[in-house]
């Protein structure tokens, strides 16, 4: 008898393609996605988006000082671990206000301002605290470049020791608002200096203290590098808006696909047949469902963010305008997505399998599960094909960067176009149910 | 005597027929179907997708019939005969390849169909997670009713279905018979002149079936023309004015039950006499001379006969059996039924 039960289930499994999909294909697909995200085995390693500022040039310092700063910036520009974000001019550098705006808008993750104070090259890193990796990587690289630049005749042998392949573990973390000072002096102890730079670059992550004194040769002190969090400074729980948005969008998608499944249920039990024999048209039916799913999605996300405000201190009330715009656009896109999937499928079983695959894939690539900044650039680009990524970018602008609603144009446009295109696609697919 | 709605009537005349006799006149038929054809591409065939168009299933192959005003017409056929396709064509839900459909004398289009027709699908096409009243309000609204008229019709439907005390209960909690009644009510809220019923009594107990046909009688009294498909042939025989039998997309017979009998197997009773011993090969002359058409096979223990006048023929048959030296163990007399007509017309081959 027990064997018969097993046999029955095996035979049913053999005939059920959706179950095959869910049992074997989906887990492997997700393992692969997360393996790609965390192993970075595909595409290039994520490069930190950096804006470069020559502080000495802005303060009209002597040309010699400006040149020294520019040399450091030029060396940074050549580093493979950094992606230099340029302004409107042809050069690699931008002015400080532009750099700040780039960081605030998310165009650049961090801005490096190189200047000379007290006859010593120093750096100020204007940081977006949401990316907890970038500041560590850039601090290490800037430290190296300044010290190499301050020690004439030394450096090529160490220049290759740090590369883009190992930035996270070669970082030196400086907490926001803190600074490291030192007195680098020229010395003939090149080997000692080289060892110091190696130590700086290879010091394990997770330490917030400056390089231990034992690493510092007496002849060289670490340069003064100040990390300033221009976004996220003072926020009690900086990641809460990111996760609230990520989870909300993922469940919006699940809710919308479940809601879309009602259409298939109506078709299977002939309610659709009956509805279309009344005054109801397919246009009205789909639009009615779309409005309902959009409204439900808005309420769902609002409840979630209200909870986040009440329990986790998210500042919803101050950003309600941007939140409302993003929520309406995201919910409408999710509603269209749910209807599109429903009209694409023939049965609820198909819809169940397809929606699990589609929603989890979009959520994984789009940043609902892990932040996109930890993904390789190719995966980040792939994520832009999901509207999770655009929605999360929009919420990020609202709650993290605290940008005005006027800055949400690209995200709102992509989401609304997605909503429109998918709704039209659903309508076209539903033609086959109208008159056969 | 049969009783419906407390009104006694004779066994041969159904209650709805009293009123309908006056309505069936020279007025145009409620539904007139002429040479309707509809074919579908076969699914799951072995042909490649670019060649599947050549393999088509003819669901309707030149079907013609009429539903007279006030009439109740049974549209019968084996599985796959094209009954549901016909209902879909009538309700405007599918477009025929050729042929015409007239509704109350006018060519059918979507707007006339939705106002004139009521459709009751075979499945329970309701929202199980809504209450009875909510379902009625929803479908009434979809049919274009609103305001006090809608409320009035919903109250009427609750009374009509006998579910006034269950108006606020979820439909999903109801029995199959109750759901069927609401299913029916949702299709007639807008008082259609023609009602299309696809298997209205499938899967319900005899009491619910009786109740459903009582409800249909009330609609008939108001003049609603009803076309119904069913596999319960006794329902078609006893509850419908006329019958259309289709097979393989074609109409194979049309008429009242009596007309169908005359066209096919006749009105003779089938009599089977079981004997106390097997039939001999000789000495059966009394059976041969009794004046009845008999089936006598030596070695069997029974005799079959077709008897036109049972009161005359049966005694004669029993006398002949006795005269031939056999004893009668049992006698089975069967009146010809729609079941026999149906099998006669459509054969015994399975239509899977």
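Glycine is treated like the rest: Cβ placed from N, Cα and C.
Database features (TrEMBL):
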TRANSMEM  A:20-38  transmembrane segment
DOMAIN    A:21-426  domain 'ABC-2 type transporter transmembrane'
COMPBIAS  A:160-171  compositional bias 'Low complexity'
COMPBIAS  A:176-191  compositional bias 'Polar residues'
TRANSMEM  A:240-264  transmembrane segment
TRANSMEM  A:290-310  transmembrane segment
TRANSMEM  A:322-344  transmembrane segment
TRANSMEM  A:351-370  transmembrane segment
TRANSMEM  A:408-430  transmembrane segment
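Long-range contacts of the transmembrane segment (A:290-310) within the same chain: residues 240-241, 244, 247-248, 251-252, 255-256, 259-260, 316-317, 323, 327-328, 330-332, 334-336, 338-339, 423, each at least 6 residues beyond the stretch ends and with a Cβ under 8 Å from a Cβ of the stretch. Per-stretch counts of Cβ pairs under 8 Å to the transmembrane segment (A:20-38) identify A:351-370 as the leading one among A:240-264, A:322-344, A:351-370, A:408-430. It is A:408-430 that, among the stretches A:240-264, A:351-370, A:408-430, forms the most Cβ pairs under 8 Å with the transmembrane segment (A:322-344). Same-chain neighbours of the transmembrane segment (A:408-430): 282-283, 286, 290, 322, 325-326, 329-330, 332-333, 335-337, 339-340, 342-344, 387, 390-391, 393-394, 397-398, counting only residues six or more beyond its ends whose CB sits under 8 Å from a CB of the stretch.
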